[in-house]
Amino acid sequence: LFDGTYPFYLQQRKSFVFDISTIIVIIVFLTLACSFLIIIPGIRGRVRLYWLIRVLLSLVIGVVIVAVQYTGDWESGWVRANTSYKSFSRALVNADIGLHVGLAGVNITLVGNPVNQVNETISYNEHFAWSFDADYDHSYSEGLEKGLPSPILYLAEKFSSQSPCGVHNQYRISGHYASAALWVAFCTWLISNILFSMPALVYGGYMVLVTGAFMIFSLLSFSTVRKSPMCPIKFGPASLHTGYGGSFWLTLVIGLLCFMIGVTVVTLHFFSLDLLKTFFDLHVDEAEECEDMTEVYVNRRVVNNTP
């Protein structure tokens, strides 16, 4: 304490669900979607509807694959508790404490109830990264030097490499492999779009199935960490329990959607190829080719001399 007040420090706040990278990804895909929507008036008939469905479904799958790698709610939990606010202080505050785990780190949120207590504004959101190019323990040490509130340091210590909980490497490695699987899914998504535009419809369907498979692999990789026992997180009588967050369930939904699209395309290829070609606007091209060959010129001299 300095003259009875806590030291002031500049806080680097970070959104626990969205960050700048996620916003950039969403803006890029929204720009692509708007560009395609501008083209729609130039497409004739019901082909316009089929084309719109194909484009929007593809963009939704792509933006989810990329965006969920930067979100921080693969696993999350909240608890409201009366807890100590600062070290070496007996002051208790009533606050909502949130834990949000992503693929690249953990976000810890502390919001007072009400926000203004003990002559301070209690609204914190701290990010601790554990990706391979980040040092989690160093971030935790910086938090100690800053004098972060005790609940944030208590939660952050649970995920440090020196913690008796021993979950740091498990979360770090599982998040790394989940992210790698999603990047492979993004590559196969690009290949599927190329195959659909060639067109090689059945192979595009196969690649959509592979995309869904790698998305499921990412979920399985992240789920492995849940099998290990987690240290209890208690704030007095209240306990903080975590569960799968929105990004996890969104990835699952899009992965199942990829399976459904892939199975539908492959099934139609073998049992109703005409319907599949109609949806991908291939019959129009064939009709135009036939219209270009309406007149045939025959050399009668050659025909008459033919034995």
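Just so it is clear, glycine is given a Cβ too, placed from its N, Cα and C backbone atoms.
The transmembrane segment feature in TrEMBL is assigned to 20-39, 51-71, 91-111, 177-196, 202-225, 246-271.
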Report, as numbers and ranges, which residues of the same chain sit near the transmembrane segment (246-271): CB under 8 Å and 6 or more residues beyond its ends.
17, 57, 60-61, 64-65, 68, 71, 73-76, 102, 182, 201-202, 204-209, 211-213, 215-216, 218-219, 222, 279
Closest-packing stretch to the transmembrane segment (202-225), where packing means Cβ pairs under 8 Å, from 20-39, 51-71, 91-111, 177-196:
177-196
Does the transmembrane segment (177-196) reach the transmembrane segment (20-39), going by 3 or more CB pairs under 8 Å (6 or more apart in sequence)?
no
